[in-house]
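Engineer: Handing you a structure now.
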Amino acid sequence: MLCTNRPEGFGPASHLNSSTLPTTCFTDVILIPLPTWLALAFLPILFALGLHHRKINYNPSTAHLRSNTRSSCLYLTFLTIYYFLIFANIAMLTLEIVRLTNLHYGIGLLPFAYAGILLSATLFWSEGIERRVKWWQGINMLVWIGGIVMSAVQVIGLRQQYGYDGRKESKYPVSDQILDVAVMAGVYAVIALLEVVLVVWRRKRRASALRSERGEMGAFEYGRGVSESSGMKE
């Protein structure tokens with residue numbers, strides 16, 4: 001069973017009280033994996049659009065800039081923090097799953113959230129598999145912001161249905177689970193913010209490298225023209 005021994009039941013409405021939020025089981029099975037489901041649904045569509053756009057606009061003269069652009073120490077620091085936070089959220093999700101398992105409450109479809117986190121990390125690292133996935137940043141924001149929203153719903157639902165002091169003597173008190181999920185929500189928010197900063201930063205670095213390369217090519221062409229002109233005069 002996806003949610004064993006949960007007294008509030010599976011459906012959106014709790015059997016314990018008149019809470020207006022979905023049950024924890026419904027949240028773990030339907031809501032938490034929802035951003036990942038949506039991301040996977042949009043991925044093939046955006047991949048097809050990206051291939052079409054790449055076929056029309058691909059410029060081989062600038063393709064090398066992605067790998068040749070140098071990274072500053074500050075950029076690498078932010079990048080390291082970004083990947084560390086992704087690892088931290090994977091660890092927090094694992095902690096929640098393990099503790100729910102020890103409680104014999106079932107884990108719903110919580111492990112499916114791993115797929116969303118790893119998908120977004122891969123898209124960021126590869127820049128949408130080298131820009132073959134159009135608007136890949138939208139997929140990532142769907143996962144990160146969706147994670148924030150669903151975690152917030154989960155926290156409020158736990159508080160309403162069990163109370164902050166619920167399962168006090170158990171292996172996984174409600175207060176601990178609320179803290180774990182709240183930390184994940186905060187980490188999702190920082191990841192989303194860092195990703196926006198890093199994407200903009202990366203684009204500016206590439207644009208600067210392109211301008212520099214064009215300037216060098218212009219100077220080379222000018223020098224070659226002057227040399228050829230002098231040779232003709234002689």
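Just so it is clear, glycine is given a Cβ too, placed from its N, Cα and C backbone atoms.
So TrEMBL lists these for the protein:
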type: TRANSMEM; residues: 30-51; note: transmembrane segment
type: TRANSMEM; residues: 72-93; note: transmembrane segment
type: TRANSMEM; residues: 105-126; note: transmembrane segment
type: TRANSMEM; residues: 138-158; note: transmembrane segment
type: TRANSMEM; residues: 178-201; note: transmembrane segment
Engineer: Sort out the residues at least 6 away from either end of the transmembrane segment (30-51), same chain, that have Cβ-Cβ distances under 8 Å to it, and list them.
Structural biologist: 22, 108-110, 112-113, 115-116, 119-120, 128-129, 131-136, 138-139, 142-143, 145-147, 150, 153-154
Engineer: Among 105-126, 138-158, 178-201, point out the range having the most Cβ pairs under 8 angstroms from the transmembrane segment (72-93).
Structural biologist: 178-201
